[in-house]
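A.B. asks: Submitted below is the structure of interest, expressed as structure tokens.
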Amino acid sequence: MTEPSGYSDDWSAIDAGYDAAPAAPARAGGGIAARALAARRGPDYLAGLNPEQRQAVETIDGPVLVLAGAGTGKTRVLTTRIAHILSSGRAWPSQILAVTFTNKAAREMRERIGHLIGGNVDGMAWLGTFHSICVKILRRHAELVGLSSGFSILDTDDQLRLMKQVIQAEGLDDKRWTARAFASLVDGWKNRALTPKDVPEGEARAFGNGKGRKLYAEYQDRLSVLNAADFGDLLLHVITLFKTHPDVLADYQRRFRFMLVDEYQDTNIAQYLWLRLLAQGNPNICCVGDDDQSIYGWRGAEVDNILRFEHDFAGATVIRLERNYRSTSHILAAASHLIAHNEGRLGKTLFTDDADPEAEPVCVASAWDSEEEARSIGDEIEALQARGHSLDQIAILVRASFQMREFEDRFVTLGLNYRVIGGPRFYERMEIRDAMAYFRCIAQPADDLAFERIVNTPKRGLGEATLKIVHELARAERIPLMQAAAQLCLTEEIKPKARKALADLLAAFERWRAQLGAMKHTELAEIVLDESGYTEMWRADRSAEAPGRLDNLKELVRSMEEFESLAGFLEHIALVMDRDNAEAGEAVSIMTLHSAKGLEFDTVFLPGWEEGLFPHQRALDESGRAGLEEERRLAYVGITRARKRAKIWFASNRRIHGLWQSSIPSRFLDELPEAHVEVVEPSTRYGGYGGGGYGASRFDARDPFQSGSYSTPGWQRAQRARAAQGGFAEAGGFARADMRSARARQQGPLTIEGELVARSVGDGVSDYAVGERVFHLKFGYGAIASIEGNKLTIDFEKAGRKRVLDSFVERH
DNA sequence: GGATAGGCGGTTTTT
DNA sequence: CCGCCTATCC
């Protein structure tokens, strides 16, 4: 959350003459435009662009959609285009709107433009994320949407706490109707630019005993009273502002002569509407994106936006960037062939001129279980390292974060340096949020959520009872908590002990507020953390994390130095939640496929390509075919991260929720082109019940059982099943897999190749008996020690005691 | 107010 | 199976 900053001063500079386009190139003063113009003598920024890139840079008028495949120079086009607009004298830096999704992307773009035109780009006031640009607009017109200019920005945590209060205030059971569920609902509505009155009746009724709309309206009302906005509001309020105040909209339409949007495939409906409102006054909008890399549908992104671009923006020019500068032809072929299985796409074919005869094909390997997978990948990384490859150029990209732990464990054992990208961020840590809450209370006395957070941290004897009294008064009078507390300190309503504690706290805040103008904000921060007893609290804490938390607090104060004021710092934090991940030393990167988008590495390992995990079962269950296509795009993103080497793995057994499950190779493996893929002999064994559940897989044929020596019951049964069925379901028949939903998996009997494989999947009761001798594909022979429902505890002769589902063992 | 047991959920994440 | 949150007890 946050609060304002010097948002008023940037305006004078920005406003200066934004109405006029730079008329004659020659007249520009000392600004960016001038430097860009100087560079024009030889527009070397255009040199080295391929024809399509050049067209994308030079087609400045009218709507343009640049379909930029992975590694085709997207950012280069975007930044060069801006340099070109500036140098051609068509606009001042302050007349260009350039929107990105992440702060990182915005920062990179700013830097690269700086390199192109040789100098700083301070004049580009409107280069930023959707959210930061919206904040800038809103600060200026806050009153028009029921806020005042210093409004706070709530983060997810504040949002949840507020929603919980609203749900409870409606007299609903907050267990049945969780704040989390409500938050995702409201986020969804805001992503679609729906205010409480716009929400379709059916959806509104589905939550909180039919009270969805009322709760949403109530929540918005509370935000307004708190003078706060959540992330979704930032866009929503600006849309409302534009719709209800045409004069304001017209002002921005005139201001933004050229608009550029990065990662257009990730825009949601609200962002699309926002852009369209602005583009109504001015068709010079250029959107850059790749429909094949749309992987955020689950958080509201509409691939449709990019698919419909030509329709939405009349007379649009569509330019395809298909020349890839990143990967080998094998990698491109693998990725292209895979993604061609998607139907809803605009279609691009990546190619490269860089045909290296030495290039390695994409590799597919199998492991017995996830442990072996981690071990093998670890070994390979060590081998690469020994051959002089930098660990910085190696990445492991997983579908789900639980997969990371196995790699971490393994790398710790090997002493291999690794770094996990993603995960909890600096500003989300408890101690940081607490400290921030103190600062917020100082800067914005009406910030109730911040006050609630720290009122009794450290403990001051201000428990629930006291807080309830304060809350009641605040609510009745519609005043901030701190104001209510101050009033109550003058009465007898609160017990003397608590009253004293409360009065002391309020006095402290008064004191700190008075000091705000008198000293450096970093100095004040230290005083606050010290006098509040907050640092002392952690110093007294004997737990293992306490020293780290104290370090983080120091780091927080240090990072405040970069800002002019406390308010400026708070604003930054609310919008820029990323932390510098620049740890020293070479390291292998471990991250999810999602967080890998936009990155590239020489060598990429892609473990866990198994049905159910990737494509993820939940994506299939919840979004069916669209879900599958998004998973496939994720696979495409994964492969295209690799410059030289991509190695895909699948494990035949994986432990999920503590139970061993045998798994089937991902259907995506069958969608890779044989000519560019090398299947590495499985190291030892084979697991699962031979044959994919949804169709023939050429990975089925490579199991060692085929070489003859195997005759286990599971194998024989699978063979019988194949023979009986006389063939397989059509490859790629995902409809069948779709039907085999998680529910069916858990409740119905599990069949593979028409054969009943699991008798009692789910809550059924096992028909095995204690003491019975059984066979398990992975663990071999053993005796049942105990039975709980369909879960057996078995003492295996070799593997020891394990718990497995009865469906994975055979009577023997 | 702090410790502890029981319940629940367990894909992906930015702003 | 494991980790987190909450409710409950002292």
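A Cβ is built for glycine as well, from the same backbone N, Cα and C atoms used for every other residue.
These came from TrEMBL, pasted as-is:
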- A:Ala68, A:Gly69, A:Ala70, A:Gly71, A:Thr72, A:Gly73, A:Lys74, A:Thr75: ATP binding site (BINDING)
- A:47-328: domain 'UvrD-like helicase ATP-binding' (DOMAIN)
- A:329-598: domain 'UvrD-like helicase C-terminal' (DOMAIN)
A.B. asks: When you measure from the Cβ of A:Thr72 (ATP binding site), how many other Cβ atoms are you left with inside 10 Å?
C.D. replies: 25
A.B. asks: Among A:Ala68, A:Gly71, A:Gly73, all listed as binding-site residues, which has the most CB atoms within 10 Å of its CB?
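C.D. replies: Of A:Ala68, A:Gly71, A:Gly73, the one with the most crowded Cβ is A:Ala68.
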A.B. asks: Give, as a single whole number between 0 and 100, the mean pLDDT over the domain 'UvrD-like helicase C-terminal' (A:329-598).
C.D. replies: 88
A.B. asks: Tell me the Cβ contacts of A:Gly69 (ATP binding site) under 8 Å, same chain only and six or more apart in sequence, or just say none.
C.D. replies: A:Asp290, A:Asp292, A:Arg320, A:Leu321, A:Glu322, A:Asn324, A:Lys348, A:Leu350
A.B. asks: Taking DSSP three-state, what's A:Ala68 (ATP binding site) in: helix, strand or coil?
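C.D. replies: DSSP assigns A:Ala68 (ATP binding site) to strand.
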A.B. asks: Using the CB centroid of A:Ala68, A:Gly69, A:Ala70, A:Gly71, A:Thr72, A:Gly73, A:Lys74, A:Thr75 as the ATP site centre, which other residues of the same chain sit with their CB within 8 A?
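C.D. replies: In sequence order, the nearby non-listed residues are A:Val77, A:Asp290, A:Leu321, A:Asn324, A:Tyr325, A:Arg326.
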A.B. asks: Is it possible to get the count of other C-beta atoms within 10 angstroms of the C-beta of A:Thr75 (ATP binding site)?
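C.D. replies: Taking every protein chain into account, the count is 16.
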A.B. asks: Give me the count of other Cβ atoms within 10 A of the Cβ belonging to A:Ala70 (ATP binding site).
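C.D. replies: I get 26 for this one.
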